[in-house]
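The next block holds one structure in the form of structure tokens; read it before the comments.
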């Protein structure tokens, strides 16, 4: 009899305190707070400047990236609890220049598992800005969901005067928690601007307004933690989805930079060191030197190496490719992950050419 009374008591308490239910079902010991009327957002932390720490609050260049844990970051923005129930998961704690495809693959598989949960409305990834667009592009190509995924960073460390990270994080959670964000793919959010991961790139190494999408434009902006989108949800032209749920290692793809008198043998050296594909950051609209093209042509014909011709300029359109594959609007770093995923999926060179092809 007493066992029945005790069981009834704990059942009643769990009904009155939904936090206990949510924590038990989600195993969310790191859940900050719970409000049954708010959506649930999971934050995956990768490190970066947004989690950086410096000796002085006036220091914005000399700091340790990834020094602050996700729980501390969230607790520093108490207004988050008015927007969403958040759960923080620390994945890595490094500057994004030190991230590898293996790190990104691991993150992606975690995100895929998380968006499969019915009680998760959206995902936020905190990330260093140096390679943020690469991770965002990879997520956009591999996480097949309509749930919002927002990749966010900062240009000033968390210890700096007027650090931009807290507001960026709050805005990112607001976007991930909004029903208006559904069906828009992976997004990049900094400085109150919302951009598509497919098109947005870092344009300046220092300023707060560095992430831009000059040709395609922004998707929207944030005002008082409310996202305002300029368009209805749409899929970028020529976007392809890849399944990496069973992938353990990604193929090596290298980027070669174009310049006057470039060393044409570097392409052979990259392949000899294990590259299964190459992306060229060509001059202008993807031009490469004549001696360089001769070497590339040999790699394509004799070793079936897929070579994508992109551009070293920040933006532009390139349909030039000699005997390789034109990248069209894709910059080298985005084209690299597209090529890497295509090779991993077993695409032929013709399949890869078709994937990049853009009607115009």
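For all residues, glycine too, the Cβ spot is worked out from N, Cα and C.
As recorded in TrEMBL, the features of this protein are as follows:
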- 49: active site, O-isoaspartyl threonine intermediate (ACT_SITE)
- 96, 129, 130: substrate binding site (BINDING)
- 40-233: domain 'L-asparaginase N-terminal' (DOMAIN)
- 252-356: domain 'Asparaginase/glutaminase C-terminal' (DOMAIN)
- 1-18: signal peptide (SIGNAL)
_I'm checking region-level scores; what's the whole-number mean pLDDT for the domain 'L-asparaginase N-terminal' (40-233)?_
96
_Inter-residue C-alpha distance, residue 129 (substrate binding site) and residue 49 (active site, O-isoaspartyl threonine intermediate) (nearest angstrom)_ = 7
*What counts of helix, strand and coil residues does DSSP assign across the domain 'Asparaginase/glutaminase C-terminal' (252-356)?*
43 helix, 22 strand, 40 coil
*residue 129 (substrate binding site), number of other Cβ atoms within 10 Å*: 24
*Reported as an integer number of Å, what is the Cα distance between the residue listed as 'active site, O-isoaspartyl threonine intermediate' and residue 96 (substrate binding site)?*
9
*Return the single residue from the recorded positions list (49, 96) that has the minimum number of other CB atoms within 10 Å.*
96
*In sequence order, which same-chain residues at least six apart have a C-beta under 8 angstroms from residue 130 (substrate binding site)?*
48, 95, 96, 97, 202
*Around the substrate site (96, 129, 130), what further same-chain residues have their C-beta within 8 angstroms of the site's C-beta centre?*
48, 49, 95, 97, 127, 128, 131, 132, 153, 202
*Greatest CA-CA distance (Å) over the residues 96, 129, 130 that the record ties to substrate?*
7
